[in-house]
């Protein structure tokens, strides 16, 4: 994921935005500018018109009842025991609703937060903080990632004894109280903040997000299949065309859904402008029940306000 910052003297009106950008703006979360809040003191989000959003969960339920699909959507004939739906004007795009069981979702959520960010796998934090070991455990134990000055003797020993970043600076996890009480200037950031700002981790061939190319991979591999596993809160996924001026198709993605993109579909613009984190729309009640043990509280806290996308690319 790449976040780019732009400045402009004025905000462009809708006539200056591309079709894809207008759709992003349409479904993005905005709050009312009034002082009106909910009974719990929370700001009230603006209501969004969702009637045009494709709901493959409803598509599947309808198909199971009468064997029919909405206009523009078809059920793929294949040997899979799972229902696979496609979109007529988006060749190579396939949607498998509710593919993963609750137990499988729980497993992949835990792997995504504990195993996948582990060195030598790269994350978005590497460029600034270097490789960070056991980030989830550190966040759970309320530790702080601290830049260690050469004059400071390392007293921790063990796995937290220090990791160097790209500039050669040494970092290590420290107890929150220790990091505050040392009384000398040093860079530090809470492990819980690093976990919340964890945007991606890459296993295998490294992906250059700024250039949108996979290092060591030829352009021919864009025709190969890409698999996306969705976990956590419900979201809106936009599938555009090969141009930003093509009107995108909006659809709901829920925890346990799988999306396949191959051939022409891999060249289409796509994105997620909205994640539903409120209790009414997140639709993670059954998933949350899987994290009811005391040891799983941190997983539950994370997944209540987040979504995880596991992207698997065929590169050969």
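Cβ atoms here come from the backbone N, Cα and C positions, even for glycine.
Caution: TrEMBL annotation is automatic and unverified by curators.
The following features are taken from TrEMBL:
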- 208, 270: Fe cation binding site (BINDING)
- 227-313: domain 'Alpha-ketoglutarate-dependent dioxygenase AlkB-like' (DOMAIN)
Hey, what's the Cβ neighbour count for residue 270 (Fe cation binding site) at 10 Å? 19
Average pLDDT across the domain 'Alpha-ketoglutarate-dependent dioxygenase AlkB-like' (227-313)? 94
Could you put numbers on the helix, strand and coil content of the domain 'Alpha-ketoglutarate-dependent dioxygenase AlkB-like' (227-313), residue by residue per DSSP? 24 helix, 33 strand, 30 coil
